[in-house]
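J.: The structure is given below, and queries will be raised subsequently.
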Amino acid sequence: MTQANNAVYTDLSVDDLVKEALNRGEGELADTGALVVRTGHRTGRSPVDRFIVEEPSTQAAIAWGPINRKFPADKFDALWARVEAFNNAQEHFVSHVHVGAAEDHYLAVKMTTQTAWQNLFGRCLFINPAQYNPAGREEWQVLNVANFECVPERDGTNSDGCVIINFAQKKVLIAGMRYAGEMKKAMFSVQNFLLPAADVLPMHCAANIGEEGDVTLFFGLSGTGKTTLSADESRYLIGDDEHGWGEGVVFNIEGGCYAKCIDLSEKNEPVIWKAIKHGAVLENVVIDDAKHADYADVSLTQNSRAAYPLEHVAKRSEKNLGGEPNAVIFLTCDLTGVLPPVSILNEEQAAYHFLSGYTALVGSTEMGSGSGIKSTFSTCFGAPFFPRPAGEYAELLIKRIRGFGSKVYLVNTGWTGGGYGVGKRFNIPTTRAVIAAIQSGALIGAATEHLDTINLDVPLAVPGVETNLLNPRNTWADKAAYDEAAKALAGLFIENFKKFEVSDAIKAAGPKL
């Protein structure tokens, strides 16, 4: 395609976007046909560069602070105009997509990118509707210009790059950011602000459906197993990361998956493996001279990624949605080796652990977190993406669980037999057996044992799981060391939870000293 230097390529096919990316030297093809790209010095999200415009509709509704940073409306207008003029002077790409699979809750989005590969990424991750914006809703605009360099003194940004959401104008500005995950998570944050007003709980979770129509949700931070565990060849995938839960429905906010690639194997993750083909994007994955991906090579980043459309998954929900969930699973990667592989939660415990969002940063998606693995608390299992006060999401969760009668479980995909460096991590087959037991209903009404310090109820037997693994204390050679580690973890939970204004019943549902 030879056009003027400021040509606009609108709604190109996937094939043409791949060709344009290759013609521009934006990436190369792996032997699977996937487009391989590099994102420069940013190989993860940059939380310190993300802002929300402060204006009347957001002033009192946002939980402002280090996560949701204020940006002045006048500065936004000036920067948008500057970035738009820069982009309009050169070739760029436009696609029209939806964010939200439910008819009542989709956003119509005009996505403009400077690069062909980021447009392809958006086409992988967002929804490509048969008919664009049938309800004629006011359009959102995403302007993503990777080569623009912000000047903090002039633009009011924190660095040379920024992500700024303007709810009043329905605009998302992404400048100087090559890591495409910023675009996906920005629109997730938009829906996370809008959906609660429609009585829909937005969730950082994966979802799948069984043959009988039963739905399972998998909450968890990056690296805890959402994508891997939801990609189950025996079930139909709804989505791997972002969903809404309304009365009678769980729907995908996206139209694709964004899988971590570190140590990816065909044996352990066959669904993901098969999805990485023509039309998919590999971000910061090292390939050899034969164009074969080396998923064990972390020389670029531990946060290597594959973006692919749901159409690449053979067994999926054709409508991109399902009914309300029978099982709600909170995935936590416990570095301390204190938590059991599975616990059965009541409503108050569900609220407590949802608000706590305890896990580890594993191969973190955030810049500046380093390669080290460390424990963290991330409210709603996704604090960086939830603009409203946490209590609003927790109240909606309890309302939905109570209304449908969903069963809730805490599943540890982290360590056992000792903490990180001493014990070992639960292997994927063991965790899959736990998930299968939950989905079969085997744990409903099961006999349990109460673990006092961490205040959790553990089933005495789980089909397919060694019984000695169920009570974590049994897996430690030094029982006294386990008891001390449990007290230390309980202290972390208690300290973290002091910031929440909730009922005494929810406060009492957590660990105790």
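Cβ from N, Cα, C; glycine included.
Note that the structure is predicted; figures quoted are calculated from it, not measured.
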J.: From the candidates ASP104, ASP241, ASP263, ASP288, give the one listed by Swiss-Prot for the same Mn(2+) site as LYS185, HIS204.
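T.: Same Mn(2+) site in Swiss-Prot: ASP241.
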J.: Test of understanding: give the count of other CB atoms lying within 10 angstroms of the CB of SER222 (ATP binding site).
T.: 26
J.: Other than LYS185, HIS204, ASP241, which residues of the same chain sit close to Mn(2+)? List them in sequence order, counting a residue when its Cβ is within 8 Å of the Cβ centroid of the site.
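T.: After dropping the recorded site residues, what remains is LYS184, PHE188, GLU242, GLY382, PHE385.
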J.: Give me the Cα-Cα distance between TYR179 (substrate binding site) and SER222 (ATP binding site), rounded to a whole Å.
T.: 16
J.: Between SER222 (ATP binding site) and LYS185 (substrate binding site), how far is it from one CA atom to the other, in Å?
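T.: The separation of the Cα atoms works out to 12 Å.
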J.: State the three-class DSSP label for ARG45 (substrate binding site), counting H, G and I as helix, E and B as strand, and everything else as coil.
T.: strand
J.: Near ARG45 (substrate binding site), how many other Cβ atoms are within 10 Å of its Cβ?
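T.: For ARG45 (substrate binding site), the count of other Cβ atoms within 10 Å is 26.
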J.: Enter the number of other CB atoms within 10 angstroms of the CB of THR224 (ATP binding site).
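T.: Neighbour count, Cβ to Cβ under the 10 Å cut-off: 24.
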